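According to Swiss-Prot, the protein carries these features:
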DISULFID  C43-C302  disulfide bond
DISULFID  C54-C226  disulfide bond
DISULFID  C80-C113  disulfide bond
DISULFID  C178-C188  disulfide bond
DISULFID  C208-C247  disulfide bond
DISULFID  C242-C271  disulfide bond
DISULFID  C363-C370  disulfide bond
CARBOHYD  N56  N-linked glycosylation site
CARBOHYD  N266  N-linked glycosylation site
CARBOHYD  N338  N-linked glycosylation site
LIPID     C480  S-palmitoyl cysteine
SIGNAL    1-19  signal peptide
TOPO_DOM  20-459  topological domain 'Virion surface'
TOPO_DOM  481-524  topological domain 'Intravirion'
TRANSMEM  460-480  transmembrane segment
Amino acid sequence: MVPQALLFVPLLVFPLCFGKFPIYTILDKLGPWSPIDIHHLSCPNNLVVEDEGCTNLSGFSYMELKVGYILAIKMNGFTCTGVVTEAETYTNFVGYVTTTFKRKHFRPTPDACRAAYNWKMAGDPRYEESLHNPYPDYRWLRTVKTTKESLVIISPSVADLDPYDRSLHSRVFPSGKCSGVAVSSTYCSTNHDYTIWMPENPRLGMSCDIFTNSRGKRASKGSETCGFVDERGLYKSLKGACKLKLCGVLGLRLMDGTWVAMQTSNETKWCPPDQLVNLHDFRSDEIEHLVVEELVRKREECLDALESIMTTKSVSFRRLSHLRKLVPGFGKAYTIFNKTLMEADAHYKSVRTWNEILPSKGCLRVGGRCHPHVNGVFFNGIILGPDGNVLIPEMQSSLLQQHMELLESSVIPLVHPLADPSTVFKDGDEAEDFVEVHLPDVHNQVSGVDLGLPNWGKYVLLSAGALTALMLIIFLMTCCRRVNRSEPTQHNLRGTGREVSVTPQSGKIISSWESHKSGGETRL
């Protein structure tokens, strides 16, 4: 069995290999065969693609996903709720004060929320003072309302950032998603009209810290860039790449699913909306390092096989298999026809499954048709077995299969799995149990005289007061009339008493009071 890296081809230039790593390279185009001497044999350089003459290598820097980049990009933020706290006091006739606190809501403005958050983060003492409820005022026989507008800051409130469309995902958002957060709109609406969500960092792009700068070698032909050798030493082709933005950064999605940002003059189409990229983690890096090491080892094996051919002056099908180009592109093909060593110019393409080149028994598909054999011999060590089956020295690599499974399982979902938004803020005021209040202004409202009675009691009291006043007026008028009648009678009696005199039998004149008194005494 050929080592695992032999079957791993990092260059994906064939459209059918979209997002997959090939397990083999087969001839796509084959030139005429010509006999050669064993001294014309050579080992291919599988670390550099000699495709379309792109042999000019130059150092350059590019940007890729960070190693260890996780699936969910967490973005810290806070929620801001507008709350109006109302303290209502009533002072009754005897001076007893009753205080009632009420709470209402209003929709805050982003600027006010940002200022309140900065107060809290800066440790401004005014923020601590603003956390208190409004101090209630009171007046005798009056209802006094003291109101304070508050900005309730709940921090932190973490949301998941989708790197593809820069949308945010959290249970606090309507339908669990917030789109369009940018410089012009720095907040998200939530499940409540009076609450908004804002990122802690107003510059959303800085929160998407998933990129790193790397150094590599660019393979170009004139002004056209064919591919590049990455920092791990593995060549990556730009054929089949498409443009894709991650967190607002424009880059290229390569055929193998990796994402890079690099300057190129090539005209590239945009990726389909459902196109994803592969994660860049330690496991994929480790496999890539193993592949590079294996490719280097395979070249050493090829050189050993070539040395053995030169030494023994003999060639076998097994030794010829070492001379096969392991990456897509232009190269050489070798075979042995009638004990004659043959060579041909060839172009290799990648193969995703063995069924692509082995559709049926005895058929080796090359260029869309079954390739003819010469006395059971094809090329690059491929022969026809005694049972009629095509025998390929290389078998599918377990390392490659592991890498393919890694790619299939490490893609970023466009929609993050989130809990049901209806489970958040069921009663509307649950968030207020964990609030931090920013209270800017206090407003007082003083009512008129209030006796503290309900509406029907007020009407009864007014009716009783009016009836009492009417009775008092009638009583006063009656008293006044009686006084006016008694005053003339008293005046006449007082005038007669001063002028009348009584002459007793003794001839002594006495006053009427004395005569009345004496007469009384006489009657006794």
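Using N, Cα and C of the backbone, Cβ positions are placed for all residues, glycine too.
Where in this structure would I find these features, and how exposed are they?
Taking all protein chains in view, 21 other C-beta atoms sit within 10 angstroms of the C-beta of C302 (disulfide bond).
Neighbour count (other Cβ atoms within 10 Å of the Cβ, all protein chains): 21 for C54 (disulfide bond).
For C113 (disulfide bond), applying a Cβ distance below 8 Å and a minimum sequence separation of six or more within one chain yields C80, L151, I153, Y187, I196, M198.
Using a 10 Å Cβ-Cβ cutoff, C178 (disulfide bond) registers 20 neighbours.
Neighbours of C208 (disulfide bond), defined as other CB atoms within 10 A of its CB across all chains, total 16.
Non-local contacts of C242 (disulfide bond) by the CB criterion (under 8 A, 6+ apart in sequence, same chain) comprise L252, R253, T268, K269, W270, C271, P272, Q275.
Here the Cβ of C363 (disulfide bond) has 13 other Cβ atoms within 10 Å, regardless of which shown protein chain they belong to.
Following the DSSP three-state reduction, the secondary structure of N56 (N-linked glycosylation site) is strand. The Cβ of N56 (N-linked glycosylation site) has 13 neighbouring Cβ atoms from other residues within 10 Å, across all protein chains displayed.
Taking the Cβ of N266 (N-linked glycosylation site) as centre and 10 Å as the limit, one finds 13 other Cβ atoms among all the protein chains shown.
According to its DSSP assignment, N338 (N-linked glycosylation site) is coil.
In the three-state DSSP scheme, C480 (S-palmitoyl cysteine) is classed as helix.
Taken as a whole, the topological domain 'Intravirion' (481-524) shows an average pLDDT of 53 in this prediction.
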Counting other Cβ atoms within 10 Å, pick out the least crowded of the recorded positions C43, C188, C226, C247, C480.
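Counting other Cβ atoms within 10 Å of each of the recorded positions C43, C188, C226, C247, C480 gives the minimum at C480.
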Have a look at the disulfide-bonded residues (C80, C271, C370) and report the one with the fewest Cβ neighbours inside 10 Å.
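If we count Cβ atoms within 10 Å for the disulfide-bonded residues C80, C271, C370, the smallest count is at C370.
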Cα of C178 (disulfide bond) to Cα of C247 (disulfide bond): how many Å, rounded?
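For C178 (disulfide bond) versus C247 (disulfide bond), the Cα atoms are 15 Å apart.
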Give me the count of other Cβ atoms within 10 A of the Cβ belonging to N338 (N-linked glycosylation site).
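So the number of other Cβ atoms within 10 Å of N338 (N-linked glycosylation site) is 8.
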Roughly how many Å lie between the Cα atoms of C208 (disulfide bond) and C54 (disulfide bond), rounded to a whole value?
35
